[in-house]
Amino acid sequence: MSDPTPKEQIFIDLEPGSEWRFELEADENIALRVLSHEPVFINSEELPQASWYPIHRYTKGAIYAPTQARLEVTSLPASQYVSTSTTHPQILNVHLALERTRILAKRYLLGNTPNGENIQRGPRVMVVGPPSSGKTTVVKNLVNLALSSGMGWTVGVGGLDPSSPSNLIPGTLSLSTPSHPIPTHHLTHPFGSPPTSTPSNTLSADIPTVGWWLGGLEPSNKNAEVWKVLIERMRQDWQKRCERDKMALASGLIIDTSSAFTNPLLATKKDDPKARYTLVSQAVEAFEVDTILVIGHEKLHIDLSRLPSLQSRGVNVVRIPKSGGVVDLDDQARELVHSFQIRSYFYGEPPLPTEISSLMGKMVGLDGALNPYSFQIGWETLVVLRVGEENSAPSSALPLGSSRTLSPTRLTRVDPSGPAHVVRLLNTVLAIVDIKPADRTKPEKKPKIEEGEAEAEGGEEDEEDMEEVPFVEEIGTREVLGFIVITAVDAQKKKYTVLSPSPGKLPSTVALAGSIEWVDSA
């Protein structure tokens, strides 16, 4: 039997300082390898020599060659080109400035060696910019450059963009600590994949991550107070990490932000109507940010440079150019990314296509799929809560002339038997939170009654218990344990059907709901 005709080899030659940009469509999966001896980078991660590097469909990226290089690709995407216009030199200059600060901080913290500039900790950098400006890409490049320096840094990555969270699913804020350069294989995890119980089927990075549930894709005036509390929770967690690990304190923190940070009036309080860029000021104060990188937005750069709250803290506001390879994403493309992110949380990384997994090289073709578990749980067993004042009844429903004072982080229990609640809960993503015995609140009036009296008065008390929240408000902004999805609601049996990423008992039966929904259409 004769051998099949060998497939034609496709080569891409790159001039020094140029980059190959590509945009993969729904039916395009490629793999590439470096044939030249000089290093070639994707988001400042050096590509392995002569080994195939898989890139999944819908991914958009660029391969940068500081010197002359040659690549081999399995197939050419429909949208691809070579450009000599790149922002890598500017990003490298920023990295060198941050690296200097890290080295001086390390000498002070570990060797108790003072420096003339009084630098006692690593850099705290926040990247801001309008939508589709490349904020996440800049953060990823700066993190990879630090982790590739050979200095043993453990740079913290702050995810303040709920629509593109580090490692987790949409609707969360996160802190992660990658230990090696973050790969770019697919769009589901911009900062690497979370640790799972199965091996990865690519060179992906298993990165320890902690998350907090906002329940929405961006901060808004409605959830501004909840956002503020979550930022404080993140600050406390990062501060504890730095107190335990001096190397983490010297390595610093790089923060990715939502495009909502560019809105000067968002989250402005009534008692201070002249305040501007409240979200920026909150984050700067919480994480003690010393440098803000503004991507390509001249007016935003000028506004932040003149902001009194930043001037008083001596924050450096630096403008860097926007890459010409940035792709503007529409709402449909963003929804696709969000769906992919949620699905990968339950089912693992997308499988490698046969034509790529069969390639020779160090790349492995393992079955890295997870085995999610679907089961039923009673309405009374799974307590579903919502966080925030906007989930309560409107003030117009109160008696004439009366007012109320509610906590902005108050908890509201979702009654699935109520009107329209079944529809609101179906396909809703829930965040599981840890509950301790001290978190339970004792009802104010719970007199002991006999069994006969309990039967007579049980109906009224059951109705009250279904709306009562027997937990302290603090659990609504606590670090989450994981996520589940309600895939069906049985009103007759009063049970939910939920999808969990792994079989077994849930770590907690208290969950937080938001506005994030997901239907598995794969």
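Along the chain as shown, residues are numbered 1 onward.
Each Cβ is built from the backbone N, Cα and C atoms, and glycine gets one as well.
Per TrEMBL, these features apply:
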BINDING   E19, K60, S132, S133, G134, K135, T136, T137  ATP binding site
COMPBIAS  441-451  compositional bias 'Basic and acidic residues'
COMPBIAS  452-467  compositional bias 'Acidic residues'
DOMAIN    121-324  domain 'AAA+ ATPase'
REGION    441-467  region 'Disordered'
Which number gives the other C-beta atoms within 10 angstroms of the C-beta of T137 (ATP binding site), all protein chains shown included? 24
Take the domain 'AAA+ ATPase' (121-324) and average the pLDDT across it for me. 90
Take the Cβ of E19 (ATP binding site) and count every other Cβ within 10 Å, whichever protein chain it belongs to. 26
Given a separation of at least six residues and a C-beta threshold under 8 Å, show me what packs close to S133 (ATP binding site) in the same chain. S259, I295, G296, H297, K322, V326
Counting only residues 6+ apart in the same chain, whose Cβ is under 8 Å from the Cβ of K135 (ATP binding site)? V127, V128, G129, D161, D256, T257, S259, I295
Residues that sit under 8 angstroms from S132 (ATP binding site) by C-beta distance, when 6+ apart in the chain: V326, V327, D328, L329
Which chain-mates of G134 (ATP binding site) that are at least 6 residues away have a CB under 8 A from its CB, listed by sequence? I295, K322, S323, V326
Close in space but at least six residues away in sequence, with Cβ under 8 Å from that of T136 (ATP binding site), the same-chain residues are D161, S164, P190, F191, D256
